[in-house]
Amino acid sequence: MTPILRLLLLSSLLSCWKQSVVGANSWWSLALNPVQRPEMFIIGAQPLCSQLTGLSPGQRKLCQLYQDHMVHIGEGAKTGIKECQHQFKHRRWNCSTVDNNSVFGRVMQIGSREAAFTYAISSAGVVNAISRACREGELSTCGCSRTPRPKDLPRDWLWGGCGDNVEYGYRFAKEFVDAREREKNFPKGSEEQARSLMNLQNNEAGRRAVYKLADVACKCHGVSGSCSLKTCWLQLADFRKVGEYIKEKYDSAASMRLNKRNKLEQVNQRFNPPTGEDLVYLDPSPDYCLYNETTGSLGTHGRQCNKTSEGMDGCELMCCGRGYDQFKTVQVERCHCKFQWCCFVKCKKCTEIVDQFVCK
C-alpha cells in the first residue's frame, strides 16, 4: 500500500471514529424532536420506534418493549439539557446545542469534564422523568414507589402516600442509557474502550445523584389544619438541586486513564479514588475561547459578559482577553405594582436604559 493510500485510509478511519463518538449519545436528540405518544399512531402507520433517530440497536429493542416510556425519556433528556445550560450559562462553554442528532456537536468527542457533566445530567434527567411518570400513572409497568418505611419516621406518621418511583426510574434509566455503551465491543486497551468506561461511570453518577437527593415529604391532616396526623412518601428533589449537586461533582471531577487491566485508574494516585457518585474525565478541556470546528468549540464572540465581575462571567475571562464592545439597550419592566380589590395586581411599565457588554 502506498503512503498516500495509507494516509487516506487512516484519515477515513479517524473520521468514522470521530463521527461515532460525536453521535455516541444521540438518543439525546429525543429532547429536540418531540416523541409522539404510542396511542397517537393509527392502524397501518409506522411503529413509533422505527421513526426515532439516534437509538442504538439495544435502545431500539427497549423502545419496542416500552413504547410508553419514550416520550418521558425525551422529556428527561430535555430537562437535562436545560439544566446543563442553566449551570453553565456564565461559562465559556455554555452547553449550547447544534441543529443535528448529535445535539452537542463535536465538543462531545473530547473526554472532558464538560462531556462528563453532560452524560451525568442527561442520565439524571431520565431517572427523574421516569420516576415521576410512574407516580402519575403514565406507564404500564410501574406505579407508586414501594420504598420501605424509613426507620427514623415517627411512629404516629403514616407511610403510604403515592411517592415517586425512584427505584424503577433508576433501573430503567440504567438499562436504556447504558445500552449504547454495553453493546459495543471495543479493542481492549483502546481509546474507545476508555471513553466507553468514562461514559458509563458518569451515567451512573447522574443516576445516583437523583437517588441520593430524593427525600421524604409529608402532608398534614387534622381539624382546622391542626396536623394531628401526617402522611409521608418518597419525593424527588427539585431538579435544580440535582443540577447543582452534579455541578459540584464537575468541579471536583477526577482525571483518569486506562491501566493494563483495562480499568480506569486515577492519574494522580495521591488523591482518593472516585466513588460511583463522582464524575471522571480523560482529556483536558479546550479553552473554548475561539470557534474551532475540530473540537466543536463555538467560541465566546458575541457572548454577553459582566464588566464588574472577576468570575468566569466577567469580561476579562469570558472574552479571553480579546476585549469587549459596549452598547446601550432599553429594558421594559413591571413596576409600581399595587394590589387591587378584588383580586389582582396592577402594575405600570417602566423603561430603563442599561449598558451591556459583548465579547469581541
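Positions of Cβ are set from backbone N, Cα and C atoms, glycine also.
The feature signal peptide is assigned by Swiss-Prot to 1-16.
DSSP gives Cys95 (disulfide bond) a coil state; it is part of no helix or strand. The feature disulfide bond is assigned by Swiss-Prot to Cys84-Cys95 (among others), with similarity to another entry given as support.
For Asn94 (among others), the entry in Swiss-Prot reads N-linked glycosylation site, with the evidence type sequence analysis. Remark: Asn94 (N-linked glycosylation site) has Gln85, Phe88, Arg303 as non-local neighbours, by Cβ distance under 8 Å and separation of at least 6 in sequence.
The N-linked glycosylation site annotation in Swiss-Prot covers Asn100 (among others) and is backed by sequence analysis.
Sequence-distant neighbours of Cys134 (disulfide bond): residues of the same chain at least 6 apart with a C-beta under 8 Å from its C-beta are Cys142, Gly143, Cys144, Ser145, Asp164, Asn165, Tyr168, Gly169. Classification of Cys134 (disulfide bond) by DSSP places it within a helix. Feature annotation from Swiss-Prot assigns disulfide bond to Cys134-Cys142 (among others).
The disulfide bond annotation in Swiss-Prot covers Cys144-Cys162 (among others). All protein chains shown were included, and the count of other CB atoms within 10 Å of the CB of Cys144 (disulfide bond) stands at 18.
Look at Swiss-Prot and you will find Cys218-Cys232 (among others) tagged as disulfide bond, backed by similarity to another entry. Contacts of Cys232 (disulfide bond) defined by a Cβ separation under 8 A and a same-chain sequence distance of 6+ are given as Leu153, Trp157, Leu158, Trp159, Gly161, Val216, Ala217, Cys218, Lys219, in order along the sequence. When secondary structure is read from DSSP and collapsed to three states, Cys232 (disulfide bond) falls in the strand class.
For the recorded site, Cys220 (disulfide bond), the DSSP three-state label reads strand. Within the same chain, residues at least 6 positions away in sequence whose Cβ sits under 8 Å from that of Cys220 (disulfide bond) are Ser226, Cys227, Leu229, Lys230. Swiss-Prot lists Cys220-Cys227 (among others) with the feature disulfide bond.
The feature O-palmitoleoyl serine is assigned by Swiss-Prot to Ser224, with similarity to another entry given as support.
Sequence annotations record features per position, and here Swiss-Prot assigns disulfide bond to Cys289-Cys320 (among others) based on similarity to another entry. In this structure, Cys289 (disulfide bond) belongs to neither helix nor strand by DSSP; it is coil.
Listed in sequence order, the residues of the same chain lying 6 or more apart from Asn292 (N-linked glycosylation site) and placing their CB within less than 8 Å of its CB are Pro286, Gly299. If you look up Swiss-Prot, you'll see Asn292 (among others) marked as N-linked glycosylation site.
Residues or ranges marked as disulfide bond by Swiss-Prot: Cys305-Cys315 (among others). According to its DSSP assignment, Cys305 (disulfide bond) is in a strand.
Around the Cβ of Asn306 (N-linked glycosylation site), the same chain contributes His90, Asp313, Gly314, Cys315, Met318, Phe357, each under 8 angstroms and 6 or more positions distant in sequence. Per Swiss-Prot, the feature N-linked glycosylation site maps to Asn306 (among others); the stated evidence is sequence analysis.
Per Swiss-Prot, the feature disulfide bond maps to Cys319-Cys359 (among others); the stated evidence is similarity to another entry. Of all Cβ atoms in the protein chains displayed, 21 besides its own lie within 10 Å of the Cβ of Cys319 (disulfide bond).
Residues or ranges marked as disulfide bond by Swiss-Prot on the basis of similarity to another entry: Cys335-Cys350 (among others). In the three-state DSSP classification, Cys350 (disulfide bond) falls within a strand. If you take the C-beta of Cys350 (disulfide bond) and look for same-chain residues 6 or more apart in sequence within under 8 angstroms, you find Val332, Glu333, Arg334, Cys335, His336.
For Cys337-Cys347 (among others), the entry in Swiss-Prot reads disulfide bond, with the evidence type similarity to another entry. On its own chain, Cys347 (disulfide bond) has Arg334, Cys335, His336, Cys337, Lys338 as residues at least 6 apart in sequence with a Cβ closer than 8 Å to its own Cβ.
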- Nearest by Cα to Cys162 (disulfide bond), of the disulfide-bonded residues Cys305, Cys319, Cys320, Cys343, Cys359, is Cys343
- Query: To which of the disulfide-bonded residues Cys289, Cys305, Cys343, Cys359 does the lowest count of other Cβ atoms within 10 Å belong?
  - Reply: Cys343
- Using a 10 Å radius around each Cβ and counting other Cβ atoms from all shown chains, which of the disulfide-bonded residues Cys335, Cys342 yields the largest count? Cys335
- Message: Fewest other C-beta atoms within 10 angstroms of its own C-beta: which of the disulfide-bonded residues Cys95, Cys142, Cys227, Cys315 fits that?
- Response: Cys227
- Message: As a test of the contact definition, list every same-chain residue at least 6 positions from Cys84 (disulfide bond) whose Cβ is closer than 8 Å to its Cβ.
- Response: Cys95, Phe117, Thr118, Ile121, Ser122, Gly243
- Message: Under a three-state reading of DSSP, tell me whether Cys227 (disulfide bond) is helix, strand or coil.
- Response: coil
- Message: Let me check the 10 A CB neighbour count of Cys218 (disulfide bond). How many other CB atoms are there?
- Response: 17
